[in-house]
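If you check Swiss-Prot, you get these features:
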BINDING   G122, H123, I124  (6S)-5,6,7,8-tetrahydrofolate binding site
MOD_RES   K228  N6-(pyridoxal phosphate)lysine
SITE      H227  site 'Plays an important role in substrate specificity'
Amino acid sequence: MENGYKTYRDKVIEYLEAHEKWRSSTINLIASENVTSPSVNRAVSSGFMHKYAEGWPRQRYYQGCKYVDEVELIGVDLFCKLFGSDFADLRPISGTNANQAVFFGLTQPGDKAIVLHTSHGGHISHMPFGAAGMRGLEVHTWPFDNEEFNIDVDKAAQLIRELEPRIVVFGGSLFPFPHPVKELAPVAKEVGAYVMYDAAHVLGLIAGKQFQNPLREGVDIMTASTHKTFPGPQGGIILYKNFGDDVAKLQWAIFPGVLSNHHLHHMAGKVITAAEMLEFGERYAAQIVKNAKALAEALAEEGFKVIGEDKDYTESHQVIVDVSDLHEAAGGWAAPLLEEAGIILNKNLLPWDPLEKVNTPSGLRIGVQEMTRVGMLEDNMKDIAVFMRRVLIDKEDPKKVEKEVAEYRKEYQKVYYSFDHGLPMKE
């Protein structure tokens, strides 16, 4: 063959370039994604990607880690400052990996856990079919108040006292409002339970002081991914405060328990992102919440059924829309149609949906964190709502709208709230 296997290399590069061109022409509203700054991209593409470093800085099992160690130690300091934690472990390579470490380090098979149900926004790693189940935990779910779109405090307190679980888990993937940590953490402590908070979706909002800080509300351990409202590379983190002697069990579960090398190029990217958030995080997080509220209000004005009207729709980056009145396939119809128009988001189960509706759920989950980072403000949210109305309610040809969306995105290509581009002009 004349070109041998080089044609495969060329095809991969072609797809990479096509993806980057396409993605930069869309309005990306996936609530679990974001875009990294040029500085973070530099770290992620650095020679750290070739290096191994098992164990702790300056106590490695590999030689040649002197620069890696310095970066990781800077990261520990920055994350502790950012979140007010006693320690930050940057080694988990994803949010699920961080959750695995907690479950394997602090519980035993047969222990009871209370988590958020999938339909109520619980993450798959908390489920019997996820990391919690793989650990052999007996998984129970929080009582949920559909009207409040939150955990039912009174019933939850009763459940904790009845079950006496080993661990309770707050946080989730559908997360428009803070969870009642202050109210329920003391009850969990009464029965000797660990209190864990999965901050994957809201880590950047916590860093920017726009959401509850779980470590100040009674949480023992906070886990997170580092690439949603916290706009870093894909990875994970564990933070804890006043945790006591069980730290050693948790750290042993991380290494050698659920990982060896911890993807040092991504670790370096996390550290730069922490510095960005210390510098710009409060303004970034505040604009995210402003944009989310503005988008929710605009969608309601355009005729959509937006969840949480009586609670000002949202206190996070997420906007939840019920589209079951627009089509029998609901979110399973709406999300692919919007993708044809260059508007990217995901279908989502709502609290009243049975699990059997996972492919045709009632809801759409929308996140504004990425479009906020490329400089969009409240007025842009009104334009996005109009694009969505034209596709889903007016039934316009999505390909026609896609061309307008691509033209619209041309003005929003820089990554702001970063040392590379500073703040958007209005800021």
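Cβ atoms are placed via backbone N, Cα and C, with glycine included.
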C-alpha spacing of H123 ((6S)-5,6,7,8-tetrahydrofolate binding site) relative to K228 (N6-(pyridoxal phosphate)lysine), in angstrom: 14
Residues that sit under 8 angstroms from G122 ((6S)-5,6,7,8-tetrahydrofolate binding site) by C-beta distance, when 6+ apart in the chain: V115, L116, T141, G172, S173
Coarse DSSP state, helix versus strand versus coil, of I124 ((6S)-5,6,7,8-tetrahydrofolate binding site): helix
K228 (N6-(pyridoxal phosphate)lysine): tally of other CB atoms within 10 A of its CB: 28
Rounded Cα-Cα span from H227 (site 'Plays an important role in substrate specificity') to I124 ((6S)-5,6,7,8-tetrahydrofolate binding site), Å: 17
Integer Cα-Cα distance in angstrom, H227 (site 'Plays an important role in substrate specificity') to H123 ((6S)-5,6,7,8-tetrahydrofolate binding site): 16
For H123 ((6S)-5,6,7,8-tetrahydrofolate binding site), nearby residues of its own chain (Cβ under 8 Å, 6 or more apart in sequence): G95, T96, N99, L116, G130, G171, G172, S173, D198, A200
Shell of the (6S)-5,6,7,8-tetrahydrofolate site beyond G122, H123, I124, same chain only (C-beta within 8 angstroms of their C-beta centre): V115, L116, T118, G121, S125, H126, M127, G130, G172, S173
Greatest C-beta neighbour count within 10 angstroms, which of the recorded positions I124, H227: H227
